[in-house]
Amino acid sequence: MNSNVENLPPHIIRLVYKEVTTLTADPPDGIKVFPNEEDLTDLQVTIEGPEGTPYAGGLFRMKLLLGKDFPASPPKGYFLTKIFHPNVGPNGEICVNVLKRDWTAELGIRHVLLTIKCLLIHPNPESALNEEAGRLLLENYEEYAARARLLTEIHGGACSTSSGRAEATQDLASGASASSADPMIPGVLGGAEGPMAKKHAGERDKKLAAKKKLDKKRALRRL
């Protein structure tokens, strides 16, 4: 992809350079930014999978591409690490409102990165690019979480050890290419601890309580 630096006005280049420099020195928690010295509009990023989610323990590579109309138009975000998530398409494209209709020129790169990290905590199945992940999130959270964890272990496992984490960040710093896109692997059974898991567990508990109450009434009628 060609660089858009030459298409950006000098004052925008200065603003981007300033924010990227700040992000590199003082990144948000769990996020690291690796500027491309040859192309400021192509930002390489790693995001640690948030605790309490199926992505915990994973290290996810992504990139932000700033277009020639930035900041009037939002950047485009792509996961380079394979991930099972409703709002991430087959090519890694990220679907989140801040990168579309909610974007304003006043929002910065830091805000975008924090929003993407939050998307790992609270996926939005209503705007799914991965329809299977969106359906499982709504209908069978355990299966969704198992699939997400499995791909996290396979493709995002660099975060499991300090040496693996260092190796992954070194790859990005040296301009390593995206990880290969292996096909989705069927999930295994298992639960998960996190906000979405608790929500679905609560719904199941209500259904079980209602069923027990109905069974008790039927038993009393037979007496």
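Cβ coordinates come from backbone N, Cα and C, glycine included.
Given the ranges 8-61, 170-223, the record in Swiss-Prot names 170-223 as region 'Disordered'. On its own chain, CYS95 (active site, glycyl thioester intermediate) has ASN87, VAL88, GLY89, SER127, ALA128, LEU129 as residues at least 6 apart in sequence with a Cβ closer than 8 Å to its own Cβ.
Assigned with DSSP, the residues of the domain 'UBC core' (11-157) fall into helix, strand and coil as follows: 59 helix, 25 strand, 63 coil.
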